[in-house]
Amino acid sequence: MEFKLIAEYFDRLEKISSRIQLTALLTDLLKKSDKDVIDKVIYITQGKLWPDFFEKPEIGLGEKLMIKALSVSTNIKEDEIEKQLRILGDLGEVAYKLKRTNSSQNVLSYLGSTKVTKLTVEEVYESLSKIALSEGEGSRDMKIRSLAGLLKKADPLEAKYIIRFIDGRLRVGIGDATIMDALANVFGGGTAARPLIERAYNLRADLGNIAKLLAENGIETIKSIKPEVGIPIRPMLAERLTDPSEILAKVGGKGIVDYKYDGERAQIHKKGEKVYIFSRRLENITRQYPDVVEYIKNSIKSNEVILEGEIVAIDKESGEILPFQNLMHRKRKNDIGEAIKEYPVNVYLFDLMYNDGEDYTQKPLPDRREKLEEIVTQNDIVKVADHKYIDKVNELVEYFHQAISDGTEGVIVKSIGKDSIYQAGARGFLWIKLKKDYQSEMADSVDLVIVGAFYGRGKRGGKLSSLLMAAYDPDKDTFYTVCKVASGFSDAELEEVQKMLSEAKLDKKDPRVESEIQPDIWVKPKYVAEIIGAEITLSPLHTCCKGVVSEEAGLSIRFPRFIRWRDDKSVEEATTPNEILEMYQSRLKKKVEDITET
């Protein structure tokens, strides 16, 4: 399969703003893709070489090295390439322009004076993989040579998207939900097959692998997909409510209440002596927790198991729970040993998805919890999360206050009914979180995605200091604007914002974004921030839930304030419009009750 086909479709996708048209065009591309490389077509469309959970590096080629490779491949001086980059602002466009005007290649090609070797998808993928995996002495020069060789063979459009892929800026506006829609069209005959594909993806978070299974064996093959040790399951997500009575009613009048720890949610896989730890974003973070690996080996009786829990930083003197930020020291590669000593952790396990050949995701929570307690040998480090069975509102309220006093964020109330399965990748009312924020009228913070930014004035003049934030609707694969946030940033965080936005800047709005506001720059949806504010309110400027509460207005946050970056969350895990609507309706209900009481 020629890489040119992908480049041509990417060029067409970039010009489209309708999700329906995006899905139709991607469907067409997948129909034309050879089944032996369809997994690679999916990965490239996702902007990656392999799933995040693979223990493999990213490409790791900076702008300067790409410019050097482009210079080698075109015989054009680096200074001239840098000049063109300042003019065009997109190295992919620079590559396209230079390849078109590079007469030494194009004249011969068009006159047929030389045989033109066409790039294949396999060749491009293998070359980029080689670049990513190269390390050690001489790897820098090898990467430049490999990329230069690839660009030399590429035509202008291919070069544009090879550079953009490496740069992390494909700009085709395709999310995982759209890919699943297209796969359903190609291999399942339409939307009826979509739930099957999504369930397979939730249990095996590798769309490339799923596409290959579909291409080789058809839709029936994915019906039998089960959890597999070493391949992460997409995490189940909780809804949020603020009224304990409503929460208990939602879960059927009784449930389990778990502490909500302020730590790193972790999915832990064990197979014999091998242990893998994955983040909620499904990234392999085993390297950060070698101590946890040993704890799990010594605490879990099962041979093959997939568990879920929270890794929490602990004060080494008092044993008290420390804030999540203390775990950031674990991300540094060079001093893990020191971080283990200074920032010890506890592991609080709260769910079981797979155990010695048996899929537990379809079992109700009481069965999962019973088996979890059976296979865990609890000690000072590895424990089953603090929890309580409740069937009265006052029990929930008392346990909530106990959780807060013990240094947690609050509680999660979980259904224990027959339908209380582990809903991988889904957000629903089987789990409901109840959190307390002491600094705001909003009952809870929200996690929103940056989709645009505005330049500041006065002291912040010339800097992008106000961020356009959006909620994510997974059913529509669409981001809806909620607020502009400009407060809460330290000077250091504001400098970090400049770097982040320069790397994510787009020439035009991402097709998945619905906005009636025109920011100074559009941003690729990739960064999630935790935001708090005074209250959820109506706004004619924002698109979140527009037409739901009011025909003229959407929902927004009054006096929004930045709290922290949520690096542990993907954009698809951001707060949904439905959650914001629930928060708005709960606030209205409370106001009515307050008025009635007076």
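Note that the numbers count up from 1, one per residue, in the order the chain is shown.
Yeah, the Cβs are placed from backbone N, Cα and C, and that goes for glycine too.
Summarising the annotation, Swiss-Prot assigns ATP binding site to D258, R265, R280, E310, F350, R427, K433 and lists sequence analysis as the type of evidence. As annotated by Swiss-Prot, active site, N6-AMP-lysine intermediate applies to K260.
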Checklist outcome for this item: Quick tally, other C-beta within 10 angstroms, D258, E310; top of the binding-site residues is D258
Checklist entry - Helix, strand or coil: which one is K433 (ATP binding site) in, per DSSP? => result strand
Item to check | Top Cα neighbour of K260 (active site, N6-AMP-lysine intermediate) in the set of binding-site residues R280, R427, K433 | outcome: K433
Checklist entry - Counting every protein chain present, what is the number of Cβ atoms, excluding its own, within 10 Å of the Cβ of F350 (ATP binding site)? => result 24
Item to check | Where E310 (ATP binding site) sits in the secondary structure, as DSSP reduces it to three classes | outcome: strand
Checklist entry - Can you name the residues of this chain that are 6 or more positions from K433 (ATP binding site) yet have a C-beta less than 8 Å from its C-beta? => result A238, E239, R240, K260, G410, V411, I412, V413, D444
Checklist outcome for this item: Simplified to three states, DSSP reports D258 (ATP binding site) as strand
Item to check | Which same-chain residues, if any, lie at least 6 apart from R265 (ATP binding site) yet have Cβ under 8 Å of it | outcome: P235, S279, R280, E308, G309, E310, D568
Item to check | Count of other CB atoms lying within 10 Å of the CB belonging to K260 (active site, N6-AMP-lysine intermediate) | outcome: 22
